[in-house]
Amino acid sequence: MFFNKKNNQDELKKAAAIEAAKHIKSEIVLGVGTGSTVAFLIEELVNYKDKIKSVVSSSEDSTKKLKALGFDVVDLNYAGEIDLYIDGADECNNHKELIKGGGAALTREKICVAAAKKFICIIDESKKVNTLGEFPLPVEVIPMARSYVAREIVKLGGQPVYREKTITDNGNIILDVYNLKIDNPLKLETELNQITGVITNGIFALKPADTVIMAKKDGSIESF
């Protein structure tokens with residue numbers, strides 16, 4: 001697929017979102033993620049309204065946008081299994097392992113991925129990396145455990161920074177971890193989740209994307 005618009009980053013995000021929407025089938029329970037790329041997806045979903053049975057949203061922000069467009073947004077507990085979940089990423093490697101959570105919705109995003117039959121990740125090519133970790137890794141933490149968790153993360157080689165004035169939709173805080181070269185995403189995802197006080201972290205390796213749709217500066221769309 002090629003598009004003729006000026007290939008700035010927003011247009012690349014929009015192109016990836018439009019391509020992902022083509023995977024929507026009739027009577028679908030659709031999971032919708034969070035972030036700037038997903039914002040373009042939500043706009044595109046208007047063209048698929050007759051195919052979408054209901055929508056499960058990973059954040060309050062996306063829920064507001066979806067409801068404003070007239071979509072039936074339901075709680076995951078009532079939706080059951082999600083047929084297709086579409087979301088963006090902050091980083092993506094060749095194995096479709098991701099860093100997500102720059103928008104602080106990582107826990108709900110991870111729940112949606114776990115409950116979905118298929119997960120499509122939409123990115124522009126600036127998000128593609130060989131090794132995860134250049135983007136700071138978000139970790140959602142119970143507030144009273146912040147200092148303890150930070151000390152444990154330092155032992156793993158990271159430099160945690162408290163994301164001030166950010167409270168997640170679940171009422172928790174975010175530590176952004178810098179200077180972690182994530183050579184083994186599966187191992188680190190597990191190790192971080194085992195720290196008492198951690199809700200989850202932004203590595204998506206135990207359950208990576210099934211398909212990545214990437215918009216490139218040359219105007220093409222690559223799927224892998």
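Backbone N, Cα and C define each Cβ position, glycine as well.
Secondary structure from DSSP puts Glu109 (active site, proton acceptor) in a helix. In sequence order, Gly33, Thr34, Ser58, Ser59, Asp87, Lys100, Gly101 are the residues near Glu109 (active site, proton acceptor), counting only same-chain partners six or more apart with C-beta under 8 A. Per Swiss-Prot, active site, proton acceptor is recorded for Glu109.
Under the three-state DSSP scheme, Ala89 (substrate binding site) falls in the coil class. Sequence-distant neighbours of Ala89 (substrate binding site) (same chain, 6+ residues apart, CB-CB distance under 8 A): Leu98, Ile99, Lys100, Cys121, Ile123, Lys127, Phe204, Ala209. The substrate binding site annotation in Swiss-Prot covers Thr34, Gly35, Ser36, Thr37, Asp87, Gly88, Ala89, Asp90, Lys100, Gly101, Gly102, Gly103, Lys127.
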Cβ distance under 8 Å to Gly102 (substrate binding site), same chain, sequence separation 6 or more: which residues? Gly35, Asp90, Phe135, Pro138, Gly202
Could you check the binding-site residues Lys100, Lys127 and say which one's CB has the fewest neighbouring CB atoms inside 10 Å? Lys127
Sequence gap of 6 or more, Cβ distance under 8 Å: name the residues on the same chain that satisfy this around Ser36 (substrate binding site), in order along the sequence. Asp10, Lys13, Gly88
Around the Cβ of Thr34 (substrate binding site), how many other Cβ atoms lie within 10 Å? Please give the count over every shown protein chain. 28
